[in-house]
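Colleague: Take a look at this one; I'll ask things after.
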Amino acid sequence: MMNTERPAGPLRPPHPPHPPRYLALAGPTASGKTAAALAIARVHEVEIISVDSALVYRGMDIGTAKPSAAELAAVPHHLIDIRDPLQAYSAAEFVADAQALIAAITARGRLPLLVGGTMLYFKALLEGLDPMPKADPATRALIATEAAEQGWPALHAALAEVDPVSAKRLHPADSQRIARALEVYRLSGQPLSSFQTTKLIATNEGVTGARGQKCLNIPENDRCLISLEPQNRAWLHQRIAERFDAMLAAGFIDEVRALRARGDLQADLPAMRCVGYRQAWQALDGLWPMSELRDKGICATRQLAKRQLTWLRSMPERRVVACDAPDALDQVLALARDFVNAGNKLQGQP
């Protein structure tokens, strides 16, 4: 049995006035990020910064697999429940908020631990963010194949589900622009319209957001990205199915009904387009039988996980841990310990 209690010896992150350092834990949905983060928190003095575009919304607890009240109380968490579902939360806002939190947590003598699966946010912090993804021949070819099989009006309808703002501007026969909008969404997980309004630009000093603020320019030696990735995709698929079943049993449909009952939320809001919520909303609208919700929700979640893994593989500095390995948690804790101890040595701490 692995001991995850905080030891008496010094395993403390560097203290100010030293430059900030941070540890990051990324992975696809259902890969075990929350459990790993809490295990790290039992050993090291950390505060968790959520890197999840769905967890920012209040009243969306079950379908987002939000940490429980006990988990939130066990260690300080940030960027959870900070927006009403009526409000948007952009990548630019995340960069600005994360910048301030990394500095503040460091000033308190603790280590920022960034945890989540919104890869666009990680990319903004780690690499800077281009205005929008470049053309990808493989994605374009797949879209062209779908268009040949289904027709452009069908793809326009698919675009309307993920990017209603762009779809509203485009004619169903405007194949070139529909293809580009779908390409951007599939590559980034974000609608084309969000890139057109966010206006993030990458600079040599960091990322400048819509509010004119830059993220911290932290050298690679002062940051560590641990990536939870399955060796066996079937393992992750099983976890996704089990988690969706648990959400349904916990009252997920009632949670979506309560959101609809507010009367001020619409299906095209960013919050309501979150995976699971979109499918439940459509089922409640009668677009398909409620009996199909489970399969559609699981399918959409698997597609999300596939996109997340594609993003992760484009991050060369990540340190991969096979999340389906029996000793996955031990590996995560070893990487975290090495990172913290390396920082202590750099600062002359024992």
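The backbone N, Cα and C atoms fix where each Cβ goes, glycine too.
Sequence annotations record features per position, and here Swiss-Prot assigns region 'Disordered' to 1-20. According to Swiss-Prot, the feature ATP binding site maps to Gly27, Pro28, Thr29, Ala30, Ser31, Gly32, Lys33, Thr34. Residues or ranges marked as substrate binding site in Swiss-Prot: Thr29, Ala30, Ser31, Gly32, Lys33, Thr34. Here Swiss-Prot flags 52-55, 176-180, 273-278 as region 'Interaction with substrate tRNA', drawing on sequence analysis. The site 'Interaction with substrate tRNA' annotation in Swiss-Prot covers Thr118, Arg140 and rests on sequence analysis.
For each feature listed, report its degree of burial, its nearest neighbours and the pertinent distances within the displayed model.
Modeller: Cβ neighbour count for Thr34 (ATP binding site) (all protein chains, 10 Å cutoff from its Cβ): 17.
When secondary structure is read from DSSP and collapsed to three states, Thr34 (ATP binding site) falls in the helix class.
Within the region 'Interaction with substrate tRNA' (52-55), the DSSP-based counts of helix, strand and coil residues read 0 helix, 0 strand, 4 coil.
Taking the Cβ of Thr118 (site 'Interaction with substrate tRNA') as centre and 10 Å as the limit, one finds 22 other Cβ atoms among all the protein chains shown. The DSSP secondary structure for Thr118 (site 'Interaction with substrate tRNA') is coil.
The DSSP secondary structure for Arg140 (site 'Interaction with substrate tRNA') is helix. Using a 10 Å radius centred on the Cβ of Arg140 (site 'Interaction with substrate tRNA') and all shown protein chains, the other Cβ atoms total 14.
Sequence-remote contacts of a segment are chain residues at least 6 beyond its ends whose Cβ falls under 8 Å from one of its Cβ atoms, and for the region 'Interaction with substrate tRNA' (176-180) they are 135, 140, 143-144, 147, 152, 155-156, 159, 166, 170, 192.
Counting same-chain residues at least six beyond the ends of the region 'Interaction with substrate tRNA' (273-278), those with a Cβ under 8 angstroms from any Cβ of the stretch are 29, 53-54, 57, 60, 63-64, 161-162, 244, 247, 252, 256, 259, 267, 297, 300-301, 304.
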Colleague: Residue list, the region 'Interaction with substrate tRNA' (52-55) vs rest of chain: Cβ under 8 Å, 6 or more residues beyond ends.
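Modeller: Counting only partners 6 or more residues beyond its ends, the region 'Interaction with substrate tRNA' (52-55) has Cβ contacts under 8 Å with 63-64, 66, 79-81, 89, 94, 115-118, 120-121, 270-271, 274-275.
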Colleague: Give me the Cα-Cα distance between Lys33 (ATP binding site) and Thr118 (site 'Interaction with substrate tRNA'), rounded to a whole Å.
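Modeller: On Cα coordinates alone, these residues lie 12 Å apart.
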Colleague: Measure from the CA atom of Gly32 (ATP binding site) to the CA atom of Thr118 (site 'Interaction with substrate tRNA') and give the result in Å, rounded to a whole number.
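Modeller: With distance taken Cα to Cα, Gly32 (ATP binding site) is 15 Å from Thr118 (site 'Interaction with substrate tRNA').
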Colleague: With DSSP as the reference, give the number of residues of the region 'Interaction with substrate tRNA' (176-180) in helix, strand and coil.
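Modeller: Its residues fall into 5 helix, 0 strand, 0 coil.
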Colleague: Taking DSSP states H, G and I as helix and E and B as strand, how many residues of the region 'Interaction with substrate tRNA' (273-278) are helix, strand and coil?
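Modeller: Computed counts for the region 'Interaction with substrate tRNA' (273-278) are 3 helix, 0 strand, 3 coil.
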